[in-house]
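Here is the structure we will look at.
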Amino acid sequence: MASCKKGRMKDAVFRRLVSVALITVFGIVLILILFRTNTISSLINSDIYESTESIEIIEPKIPKLLLQNELSVSLHKRNQIPPRNLDLYPKLVKDRVVIVLYVHNRPQYLQIVIDSLSRVEGISETLLIVSHDGYFEEMNKIVEGIKFCQVKQIFAPYSPHIFSNSFPGASPRDCKDKDDPVEKQCEGTPDQYGNHRSPTIVSLKHHWWWMMNTVWDGLTETRQHSGHILFIEEDHFIYPNAYRNMQLLTELKSKKCPDCYAANLAPSEVKSKGEGWESLVAERMGNVGYAFNLTVWRKIHNKAAGFCSFDDYNWDITMWSTVYPSFGSPVYTLRGSRTSAVHFGKCGLHQGHSRNLACMDNGNVNIVVNEIDKVANIKPEWEVRKYEHQAGYQAGFKGWGGWGDVRDRELCMEFAKMYV
């Protein structure tokens, strides 16, 4: 009898051990699955981003002017999803330059930019954020196919392209062209030239301003980032040496050019490929591959009222004409004397949506990448040549218009308050 009891006890113990082992194995498998799908990345983000602070999701304030629709709410939630490819690139380097690519709906352009980024030396060391002006499935699929680095997508939930029959999209009551609001009994405030708003056009400035506020002050991944953030567009071809050159420029900026607010991958003159000198260049800030840090963003954000009230639908012309001049001293950027990025877009505004109709030569881009463009070609010992009194938009320019509607200006100011 005693031996039988001992046998049953051993069987029971054995079954319990097997059960515990199975539960443990199941738990490990479940954790690996969750890790693969990034659903528990909040548990490891502090490790990945080398932060000693606990992860906190900042909920933006909903602009007072808007009633969100179903798509807007959905995109807002998607913006909280952690980066993809955490399993492939679990840690980022400490001195990384985060890259932000902002796009609309030009899939053929985007594919070219993504292909060029995939060949950039050092790209796997950093985080790529893709900011969408609206939601377009083909654009989303292209970004989801990225495997060469950590990548996070954010979608402007208040884009005019999200609202089909209400502000900030086109409302049935909106004035059009040069309508007289009293005579037509329509809604809207004309710009300085008498023209009423175009939702497609104003989305350019809205997206840029929403993106800047969100990246610098809203995203868990970047709002504590003390380094530089590099901004590029969907029609910027990036050379293989771009990231390494930008790392050098951001490191040299404070030493070589204390007056420089930013660093650029390309000359401010879009068609220029650079001078080819053995020196660094300080000049007016360009809009192709520009990078600055949190200190500069704070200065820009402090000028929100000027940015939001200037009657020009272009964010860059607004910056050149009113924001930079308000800093009180010339705003220089530091770059190499050979470009590391090229603007190849031929479509104005948001044209070229279809792969078959994209306005490029034969649907292809022919950009020659020489051997010198594949490795860092900036030398720390180089001196700086400074361009002074360059031509271009300056203080006093009135703007091209398109930004006269009071609602657009108020929404712009609401974006500035989202995370304050």
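Placed from the backbone N, Cα and C atoms, the Cβ positions cover glycine too.
All annotation found in TrEMBL is predicted automatically rather than curated by experts.
Out of Cys308, Cys347, Cys359, the record in TrEMBL bonds Cys412 through a disulfide to Cys308. Here Cys175 is paired by TrEMBL through a disulfide bond, and of Cys149, Cys186 its partner is Cys186. Across the structure, Asp133 (substrate binding site) and Asp235 (Mn(2+) binding site) place their CA atoms 14 angstrom apart. Note on proximity: of the recorded positions Cys175, Cys186, Cys257, His343, the one nearest Cys412 (disulfide bond) is Cys175, by Cα distance. The shortest Cα-Cα distance from His343 (Mn(2+) binding site) to any of the disulfide-bonded residues (Cys175, Cys186, Cys257, Cys260, Cys308) is found for Cys260. Candidate disulfide-bonded residues: Cys186, Cys412. Fewest other C-beta atoms within 10 angstroms, Cys186.
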